[in-house]
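**Q** Just passing along the structure, written as structure tokens.
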Amino acid sequence: MANPLYQKHIISINDLSREDLELVLATAAKLKANPQPELLKHKVIASCFFEASTRTRLSFETSMHRLGASVVGFSDSANTSLGKKGETLADTISVISTYVDAIVMRHPQEGAARLATEFSGGVPVLNAGDGANQHPTQTLLDLFTIQETQGRLENLNVAMVGDLKYGRTVHSLTQALAKFSGNRFYFIAPDALAMPQYILDMLDEKGIAWSLHSAIDDVMAEVDILYMTRVQKERLDPSEYANVKAQFVLRAADLEGARANMKVLHPLPRIDEITTDVDKTPHAWYFQQAGNGIFARQALLALVLNSELAL
């Protein structure tokens, strides 16, 4: 059966309907249960990381290899013509698109991934993070993990903690969960790092409940998912970073009173916002969450590069 994601650019989580999300998650579950090492055997995929990455880059490239694709690209733009010779992003993408079947791209500038689609010659571009804007594939693995642990994506109480202003993962995840009914959001952040108004306006327009809080303890007993984020030092001036970095820290003792099946998620890397004693609790699920990135990204690559997919 033809699939709606074939040859589609995936730049924002809003490029995917609820039905698209459900298709990706169902495909991820099938690939987790039954690996397909030759599914992309004759495909070449570019992995273009203009910004530092560990989990996203390695997860994407592992996904490509495990599906049998050939992988080309770079993890540091400083040694490319763009970095050394001043080539434009448009020209870089125009050239790369003549070599490959798909482009996975991370870039520090908001909107760079969308710009790349204008110069890719129809070759699908998958956004692996563009500045503080969007991180759709992180959201796919987040949704996959939530569905696995909670058994649903509806009627959830979800708390998001930390840097909600620059944290692209929380922007994308909120927009995705807003496509499913009955979810409620609790936003816990310093005033300087509050959730952007456009996200709150979107929730209001959809009639989705949300509230602002000043402490994790305020909501611990109510939530199904506690989504922690780090304060992003690279996006703040030093004085602002010093003021907010330790404001919201989760310790094992804080989990007393949490629901039995509540899971703590984190897009990683963590710095100081989750102490290591949390790792030993049954609530900690961030390492399993990271592992699910393989299956979510495999699913997306498989769907974007196959007009028909029967697993």
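Along the chain as shown, residues are numbered 1 onward.
Placement of Cβ uses the backbone N, Cα and C atoms for every residue, glycine included.
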**Q** Among ARG18, ARG106, ARG184, which residue does Swiss-Prot annotate as binding carbamoyl phosphate at the site that also has ARG55, THR56, HIS135, GLN138, LEU268, PRO269?
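**A** My reading of Swiss-Prot gives ARG106 as the candidate in that site.
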**Q** Determine, for the carbamoyl phosphate site, the additional residues of the same chain whose CB lies within 8 Å of the mean position of the CB atoms of ARG55, THR56, ARG106, HIS135, GLN138, LEU268, PRO269; present them in sequence order.
**A** SER53, THR54, SER59, ALA128, GLY129, THR169, PRO267
**Q** When the Cα of THR56 (carbamoyl phosphate binding site) is compared with the Cα of each of the binding-site residues LYS85, ARG168, ARG230, which one is closest?
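**A** Closest candidate to THR56 (carbamoyl phosphate binding site), judged by Cα separation, is ARG168.
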**Q** Over all pairs in ARG55, THR56, ARG106, HIS135, GLN138, LEU268, PRO269, the listed carbamoyl phosphate binding residues, work out the largest Cα-Cα distance in Å.
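**A** So the maximum pairwise Cα distance among the carbamoyl phosphate binders is 16 Å.
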